[in-house]
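Asks: Structure incoming, see below.
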Amino acid sequence: MSRLTVADLTRGVMTEFQEKLRQQHEESMHRELQALLSTADEAEAEISGKDFDGFKKLFHRFLQVKGPSVDWAKINRPPEDSIRPYEKIKTEGLPDNITASLNKLAVVKLNGGLGTSMGCKGPKSLISVRNENTFLDLTVRQIEHLNKTFNADVPLVLMNSFNTDEDTKKILQKYKHHRVNIHTFNQSRYPRINKESLLPIAKHMGMSGENGEAWYPPGHGDVYASFSNCGLLDKLLAEGKEYIFVSNIDNLGATVDLFILHHLMSQPADRRCEFIMEVTDKTRADVKGGTLIQYEDHLRLLEIAQVPKAHVDEFKSVTKFKIFNTNNLWISLPAIKRLQEKNAMDLEIIVNPKTLDGGLNVIQLETAVGAAIKSFNNAMGVNVPRSRFLPVKTSSDLLLVMSNLYSMDAGSLTMSKKREFPSTPHVKLGSSFTKVQEFLCRFESIPDMLELDHLTVSGDVTFGKNVSVKGTVIIIANHGDRIDIPAGAMLENKIVSGNLRILDH
């Protein structure tokens, strides 16, 4: 019999010690959560109790996980047939009666985010993006147009967070007479964890004062649990809905695609595809986007946060991982019901470290909606045109969608026919343009950008009316200087720097 070495014994003691430590952390967390719940009223305690059940599962798994959640050596490219080109799906055509398929669909928009990164208060979906229309207006118009055109009943479901719920509900009054049924539900509210003690920083269940910082919405992977908890999943199933189309509300390219819908509906019942992830070709701008991989015989979403540090450059390479996830997802409702009941939804944990204003280090445990792809049967990717991915994350994105590069029809934006090549120009606006209000003050009208390849603007720059920019244009006002681009100016392949003031006389 081989002799036990000191190292073996130490290892045994260590694992036992770590196991005890894990149990202690878990017990302490459960005690704290119970104490928090006792500060809530009955109705709130019931909702928060369900939220905390989900949080406990996540925390338990967080304590178990050691190191990166993927073994880099096991990562393979997805098999050819697991990611279909959109063109191939389009050749299947459409049935005479697309209404029957539409009546089995609901559209879910992820509406939990605030407009803070763009200097706006309140929900991001209420920022005006085009002719005074907000993200929410455009979404409602798109679905209403579908319902009217095909005499269908596609409902809109908004997943709000505690940050956006109240403001969103106030605004929904204005769509009362639109032909679209709107439902809302709230994603969970989880406690932020002190990085050192691994305990919640909340003092009570309230959201007032400093305690407001103690809570966070746990990423869009929470959609499955909260959709199920609030009863909407059962309601939609009872109404005969079979699929949901899920996307971020700030992705203006994420409209209902009839070809993908028909593809889903035309599968034989025993081989039903339960999950489609729309992916698109990576460009240099998308190197951080999640990608699809083959891992232990399953399609799986790989996010940059899961990549071991030594492989981050490889992950960002456009040659090895050619596609990325647009977060436009088509998901079977009966499958969500089955997986929720079996507690079989396995989503990788994203540990998101934050430093609060007072300097306290906390962690947020989050999940991503697309990570569930590996739990569904016959899941696949569809490689869609870039036009289905048009997110507005920054004022640079906003400039593009407000410009004449896009034309708008029934709430949908499409690249203008007048642009000769399909790629989107690369726009980089400096910090003077970050906040939407400041951004709007700097343009008397949005420049003509039909022939633009690249625009960089930095410093104190303003644009007069009817300016057009073509090719590559770089405008840099040095610190303390100001550049006013005069009305009617045409800049083609120009660098403007220094100081340029057009004075009225």
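For all residues, glycine too, the Cβ spot is worked out from N, Cα and C.
TrEMBL entries are annotated by machine, without manual review.
For reference, TrEMBL lists these features for the protein:
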| type | residues | note |
| --- | --- | --- |
| BINDING | Lys124, Gln187, Gly219, Asp250, Lys393 | UTP binding site |
| BINDING | His220 | substrate binding site |
Asks: Which residues in the same chain, at least 6 apart in sequence, have a Cβ under 8 Å from the Cβ of Lys124 (UTP binding site)?
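Replies: The list for Lys124 (UTP binding site) reads Gly113, Leu114, Gly115, Met118, Phe135, Thr164, Ile249, Asp250, given in order along the sequence.
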Asks: In Å, how large is the greatest distance between any two Cα atoms among Lys124, Gln187, Gly219, Asp250, Lys393, the listed binders of UTP?
Replies: 21
Asks: Using other CB atoms within 10 angstroms as the count, which residue among the binding-site residues His220, Lys393 scores least?
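Replies: Comparing Cβ neighbour counts within 10 Å for the binding-site residues His220, Lys393 gives Lys393.
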Asks: Taking just the CA atoms, what is the gap between Lys393 (UTP binding site) and the residue listed as 'substrate binding site' in Å?
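Replies: Lys393 (UTP binding site) to the residue listed as 'substrate binding site', Cα-Cα distance: 16 Å.
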Asks: Can you name the residues of this chain that are 6 or more positions from Gly219 (UTP binding site) yet have a C-beta less than 8 Å from its C-beta?
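Replies: For Gly219 (UTP binding site), the qualifying residues are Ile350, Asn352, Glu366, Thr367, Ala368.
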Asks: Express the distance between the Cα positions of His220 (substrate binding site) and Gln187 (UTP binding site) as a whole number of Å.
Replies: 8
Asks: Other than its own, how many Cβ atoms are within 10 Å of the Cβ belonging to Asp250 (UTP binding site)?
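Replies: Counting Cβ neighbours of Asp250 (UTP binding site) within 10 Å gives 22.
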Asks: Other than its own, how many Cβ atoms are within 10 Å of the Cβ belonging to Gln187 (UTP binding site)?
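Replies: So the number of other Cβ atoms within 10 Å of Gln187 (UTP binding site) is 28.
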